[in-house]
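So that you can see what the record holds, here are the features copied from TrEMBL:
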- 32-87: domain 'Wall-associated receptor kinase galacturonan-binding' (DOMAIN)
- 1-30: signal peptide (SIGNAL)
Amino acid sequence: MPACHRGRTLLWLTIAFASELGLIKGGAEAQCQDKCGPVDIPYPFSIGPRSCAMAAGFNLSCKNSRPFHGDFEVLNISLQLSQLRVLNKISSFCYNPSSQKMENHTWEKNLEHSPFMLSDSGNKFTVIGCRTLAYITDKNNVGKLMSGCVSACRRGDVTSATNGTCSGIGCCQTTIPKGLNYYKVSFDQAFNTSDSIYNTTLCSYAVLMDSSDFKFSTSYLTSPEFNTSAPMLLDWAIRTANNCDEAQKNLTLYACKSDKSECFNSSNGPGYICNCTNGYQGNPYRQDGCQGKIPSNLIIARILKLRLP
């Protein structure tokens, strides 16, 4: 066989082998984006036609190479932990020296009828200020959540706060319960920063945020450094069934498609999640998505075996 033909044949066989391993995508699936900028977008999420995602709630948009779910910028998607890490807006309560009044900029978020719940395990309601009382409540104060956090400085002196410490002096944090898909932030206007200390601490801040890598800085009290957004965790699950037992009664709608996947009941709200069984990795929501770990030298050896004499 001529060398050029042998080379083309080898290239074709290599591509076919790579396709078999799932390294190349084609056809209709290629229209479904699985990346936006540096962020991987694994199924059941997708960017592109709505049919690419498992359901409408998993459809994301890509703007300027940044993925969004509604007005949340998505930082990371974890299949194994079943979490989205997003940017959440920070609420503020600031003194305006011109009007000599406090100005309120608070945020609320409604995740009803979506796959998401506010993560109770990773988030904490965080309040920063030298004379601040802020509340986090659920929709219309129906009773699932009504919690406050008080942050104060001794005699209004910011030097009483300590870098890295969020225990009530300049910074406080409190947990939230499970099963929340809505929250609203508000400030107690009778308690917060006023003209008596505004020259030192102009604003108070409050936000529900991922507390895992948060470190309080005393500069947050005296500068606008902490006033835009902070990372927050959302727990997601397949909410079309209440649990695994119920989901497995309808295999057509059952989301754990790989035969090497397992079903786990959601730990936050109704529903279930899928993970690859021990020893396998990949995407349990895809047919044959969970694969055994193939050493790189074995992949090379298999490709070499395809060479023609």
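A Cβ is built for glycine as well, from the same backbone N, Cα and C atoms used for every other residue.
Unlike curated entries, TrEMBL annotations are predicted automatically.
Taking the domain 'Wall-associated receptor kinase galacturonan-binding' (32-87) as a whole, pLDDT averages 94 in the prediction. The helix, strand and coil residue counts that DSSP assigns across the domain 'Wall-associated receptor kinase galacturonan-binding' (32-87) are 6 helix, 28 strand, 22 coil.
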